[in-house]
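The region 'Disordered' annotation in TrEMBL covers 1-30. The domain 'Pyruvate carboxyltransferase' feature in TrEMBL is assigned to 33-307. As annotated by TrEMBL, Mg(2+) binding site applies to ASP42, HIS246, HIS248, ASN282. Here TrEMBL flags 441-565 as region 'Regulatory domain'.
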Amino acid sequence: MPMLPNPSAKYRPFPQIDLPDRQWPSRTITTPPRWLSTDLRDGNQSIIDPMDSAKKNRFFDLLIEVGVKEIEVGFPAAGQTEFDFISGLVNSGKVPEDVLLQVLTQSREDLIKRSFESLEGAHSAIVHLYNAVSPAWRDIVFRMSRDEVRDIAVRGAQMLVDEAAKRPGTKWHFEYSPETFSTAELDFSLEVCEAVMNVVGPTKDWPIILNLPATVEAATPNIYADQIEYFCNNLPNREAAAISLHTHNDRGTGVAAAELGLMAGADRVEGCLFGNGERTGNCCLVTVALNMYTQGIDPGLDFSDIDRVIETVEYCNELPVHQRHPYGGELVFTAFSGSHQDAIKKGFEAHDQQNDEYWRVPYLPIDPADLGRNYEAVIRVNSQSGKGGFAWVLQQGQGLRLPKRLQADFSRHVQFMADELGRELNAADIWDCFRQTYYLQVDKRRFALVDYDESRASDGTRIFTGTVEVDGEEQRVSGRGKGLISSVLATLRDTFGLDFEVTDYSEHALGTGVDSRAAAYIEFACADGRTGWGVGVDDDVATAGVRALLSAANSASHGPGTQRF
Ligand SMILES: CC(=O)SCCNC(=O)CCNC(=O)[C@H](O)C(C)(C)COP(=O)(O)OP(=O)(O)OC[C@H]1O[C@@H](n2cnc3c(N)ncnc32)[C@H](O)[C@@H]1OP(=O)(O)O
Ligand SMILES: CC(C)C(=O)C(=O)O
Ligand SMILES: [Mg+2]
């Protein structure tokens, strides 16, 4: 292979921030931030087919249901579809009083005017102005000096004030983003933001939103946190500004950066559901919000029916939510591997026994039920699975609680089946395998119970008298013993020459109430040293035990049943 130049030579390390007394590492998040969804703007500008009005309305309704109170609904100057949607929404009467619509505009006169026009008639709204401030954008995009770039922001801020003054019927709020903040010099971002504040004149009761974007994520999230803390510490009149975070995910740490940014003093988070957005996406609001749940903080957003949220998001964005996406992905609460399944099963059993509500199920950081998910998909079985896995599936689907050694016995059969099929085994596969292995399936067994009676002899022993189907032919049989089990064992020994003893017996009800059925499990040892299991299920618990013995008789006479695939 030809030697290629080392690509690392093309890049430079991101400089450290000079913040020796940084406080954020020892802070924790204790309250939720203000949330802004930019799904209808940053999300919408990054999908292949931007949403039409119908889809935007649908997404907007979802955001209201989730409880988002600040929604960036678009970029009004982008085109007529965008303008009409925003203007239509404003006049639809469906924007709740406590919800603020936000629109984005470049710092250009015609675009700002158009943005205000789209909000004509709104009871309140946020107009969001931006221009990039970092060296690369100054040099390459604007080809301007620092002063000239600052003046773009100042002129835009003045236009915001002027346009708002023409429309006193609306309660206006302003947001300013020094776009590319995280790759700009901090003193310059502060200078530009201060200049904007001087024009707008925000107060503690009417703060400006200063949104500090990691437009393109370029460093580890601790650097972003340093930048936020530095900015908060050095902004004059800090109380007249709400500090907002807007992270992207280019390095895969958009959520981490937002969380550390909150620890560093920010008040607000902008992002998209499931992290849609330019390139690798925006900060995922679902993840940041649900991470708060797991720290005992109510995020104030409702994801209790997460599948419905996903369905709408996928429909509107025409992009799938990845199966591994935190909290929402189809597979995130599913264990295929044996040791995980074992721990989860034990975790659920312990959870049922504990006297408090704390969630402590291994491998499940959150209770799937809190997101409207059931427990069925928590364990799925393939060739990586262990006995806890399929025991769980049988328990969920059939109510069977297999004794531990029976789980181990059944395990070889499931593993064989999984290896043979080379695919996931569903609940029906496992149940089918179980019925065949332990002769619960009518067409396979040599011995099957038709009916029986039990009577007591004068010496106190029990007499079993019954009809057993043997290779399809009914046969009357009987035997005597100290109890029902031993009388059936005697019958099997004396009539069919099957000599085995019961080494373990257990039974349990399947479900609750008078109509509940029962399951019985028998471990046996033959005189020739072979061991095995029998299983019986019946409406009556004693009959379940007899059936379990006949199931054992089938195994003892010609080994456990084999699977057919
Ligand atoms: C990081 C972000 O997500 S920013 C948001 C990005 N979103 C969008 O751009 C979606 C909507 N945008 C659009 O529909 C179009 O870009 C429009 C309608 C707004 C503007 O279209 P056009 O004027 O045709 O083109 P375009 O956006 O390329 O404008 C580039 C010009 O604006 C300037 N410009 C770019 N951003 C800004 C800004 N924030 N403030 C002022 N001027 C800006 C550029 O320097 C360039 O100037 P030049 O023509 O003198 O070189
Ligand atoms: C417009 C701004 C806020 C933006 O989307 C970004 O910088 O990523
Ligand atoms: Mg963005």
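Backbone N, Cα and C define each Cβ position, glycine as well.
Just so you know, TrEMBL annotations never went through curation; they're auto-generated.
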Treating G and I as helix alongside H, and B as strand alongside E, what does DSSP give for the region 'Disordered' (1-30) in helix, strand and coil?
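Breakdown, helix to coil: 7 helix, 0 strand, 23 coil.
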Report, as numbers and ranges, every residue of the chain located at least six residues beyond the region 'Disordered' (1-30) whose Cβ falls under 8 Å of a Cβ in that stretch; write 'none' if there are none.
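Distant Cβ neighbours of the region 'Disordered' (1-30) are 186, 218-220, 222-223, 225-230, 259-260, 262-265, 292, 295, 297.
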Determine the mean pLDDT over the domain 'Pyruvate carboxyltransferase' (33-307), rounding to the nearest whole number.
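When the pLDDT values over the domain 'Pyruvate carboxyltransferase' (33-307) are averaged, the result is 98.
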If you count other CB atoms within 10 A of each CB, which of HIS246, HIS248 wins among these binding-site residues?
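Per the Cβ count, the most surrounded site is HIS246.
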If you draw a 10 Å sphere around the Cβ of ASN282 (Mg(2+) binding site), how many other Cβ atoms fall inside it, taking every protein chain shown into account?
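I get 30 for this one.
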Return the count of C-beta atoms lying within 10 angstroms of the C-beta of ASP42 (Mg(2+) binding site), excluding that atom itself.
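Other Cβ atoms within 10 Å of ASP42 (Mg(2+) binding site): 24.
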Please list the DSSP helix, strand and coil residue counts for the region 'Regulatory domain' (441-565).
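Per DSSP, the residues of the region 'Regulatory domain' (441-565) fall into 34 helix, 57 strand, 34 coil.
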Starting from the Cβ centroid of ASP42, HIS246, HIS248, ASN282, which together make up the recorded Mg(2+) site, report each further residue of the same chain whose Cβ lies within 8 Å of that point, ordered by sequence.
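Near the Mg(2+) site, beyond ASP42, HIS246, HIS248, ASN282, sit THR38, PRO213, THR215, THR247, GLY254, GLU270, GLY271, CYS272, GLY277, GLU278, GLY281, CYS283.
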